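Student: Grabbed the feature section from Swiss-Prot, which reads as follows:
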DOMAIN    5-187  domain 'tr-type G'
BINDING   Asp17, His18, Gly19, Lys20, Ser21, Thr22, Asn134, Lys135, Met136, Asp137  GTP binding site
Amino acid sequence: MSDLSHIRNFSIIAHIDHGKSTLADRFIQICGGLSEREMEAQVLDSMDLERERGITIKAHSVTLHYKAQDGKTYQLNFIDTPGHVDFTYEVSRSLAACEGALLVVDAGQGVEAQSVANCYTAIEQGLEVMPVLNKMDLPQAEPERVKDEIEHIIGIDAGDAVLCSAKSGMGVPDVLEHLVRVIPPPQGEIEAPLQALIIDSWFDNYLGVVSLVRVKHGRVKKGDKILVKSTGKVHQVDSVGVFTPKHTEMPDLKAGEVGFIIAGIKDIHGAPVGDTLTLSSTPNVDMLPGFQRIKPQVYAGLFPVSSDDFEDFREALQKLTLNDAALQYEPESSDALGFGFRIGFLGMLHMEIIQERLEREYDLDLITTAPTVVYEVLLKNGDTICVDNPSKLPDLASIAEMREPIVRANILVPQEHLGNVINLCIEKRGVQRDMQFLSSQVQISYDLPMNEVVLDFFDRLKSVSRGYASLDYSFDRFQVANLVKLDVLINGDKVDALALIVHRDKAHQKGRALTEKMKELIPRQMFDVAIQAAIGGQVVARTTVKALRKNVLAKCYGGDVTRKRKLLEKQKAGKKRMKQVGSVEIPQEAFLAVLKVDS
């Protein structure tokens, strides 16, 4: 075996706001990756969106050189991971390239559901997990309680957890020292044929596809001809290097290292994430086990406001898909909105982020329809189909049963907020599976319908628990449910983009709330606009946007009642004629009203 004992590959697992990006900044400062002038808070969160929202969305990598107390200089390859539940697959990708992970826990708040889930992923992949308690400078830090929680909830020994404060820099060198001792070096053979895993890739307008890779065996240098295993295409390497976090070219990348490869690949699908690279001279190297393809949980239609932008929109989506392996899309057309795409997302945050990235980075104006989850429908002829768009639902007469996706949700919540959280879960049709009392927190697990979870469950959970509850969920199974399709009719015409699939018990209430909401949003016309919610042929709710009308009696001072009646009848006839030919413009807010209706 080649000597790779000076290399350490690790990533940081932490819940949102537990300080992993700040800790990364401290590592970069201590190892001198950037000069004082270039240093800014959250160096690795390079997207404007990440900085504004204060969350990490994409995985980033940095190579640092750390001179340890034993006199050796270690090469630390650090891969930053996101902490939000919607980006779990980014985490599993980052972990596939590491031998160890730092579990960063806020010493004041304690363990949160998200870190638990990511920590299990790390342990399953055989990584060495090293606990670190952050935010020790806060007065409310309780290291002993949090160590107990780590041992109880996650089940790893936290006796020698390192205490630090990334903000003030206290204890950060201890973290690095500990890391070099605890995390094992990579295994690999430099002289063997090249075998490298693509962790991430993104599209650069000048360079083509830039791939972030972890080299398992062998080496790759500029001028090599590389073969992408899944496509079978050969490309010539233009440059290889690492991020320190600056883009730094290197003569070569060797086994055990993490860095980037640019090979002038112009085809967006040329280097899929999770693929294996090798040299064209050794084409029969085995594929590395990648990571499972992630299935989108939420689907929504996105349509360009002006139909001329359709091609630009398609191109923008292709570039984003390269960078975001979880995006899936297919063309869709709607009577109300024209041509667009039906896009699959991992959750609501993911959807918002993608929409914002499309609008900002590619300068598009988009309309989004209400998101839905995937339902399984068993037809009377025995076929089973998956429906991700309410307007594609077959006729009710041909459906034998409908099944909705159920998620298993794990919620960690302080005891004083337990009652509120349980009420929320019951309101969302949840079934309790398990409850465990840990020192000051309670861990409850519920089976919840996914369509109740994806829309606003996360926000509601935070508000009923004053921000202390944390949530992690994963798809469990499909279960038969009494579901119906709720259509919205405006002046008797169905608007396909507003259809919803809802539980029959909630259909009337949802229909009423939705029509009331639409009434506020649709501007008044010169004629009455009827807004109806219907299940099949049965109208369950109706409101009317009253017409704007001129006061035709203003010129009559006194006089005979028949004169007034004649003028009113004439106006009425005019309005009736108008209603037959008039069409109603539906504003963008109305399409999103569907989300805002609290069931």
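Glycine is treated like the rest: Cβ placed from N, Cα and C.
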Student: Considering the binding-site residues Ser21, Asn134, which residue's Cβ sits among the greatest number of other Cβ atoms within 10 Å?
Tutor: Asn134
Student: Kindly assign Ser21 (GTP binding site) to one of the three DSSP-derived states: helix, strand or coil.
Tutor: helix
Student: Count the Cβ atoms, other than its own, that fall within 10 Å of the Cβ of Gly19 (GTP binding site), considering every protein chain shown.
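Tutor: The answer is 22 other Cβ atoms.
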Student: Enumerate same-chain residues with a sequence separation of six or more from Met136 (GTP binding site) and a Cβ-Cβ distance below 8 A; give 'none' if the list is empty.
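Tutor: Result: Ala107, Pro143, Leu163, Cys164, Ser165, Met170, Gly171.
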Student: Over the domain 'tr-type G' (5-187), what is the model's mean pLDDT?
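Tutor: A mean pLDDT of 73 is what the model gives the domain 'tr-type G' (5-187).
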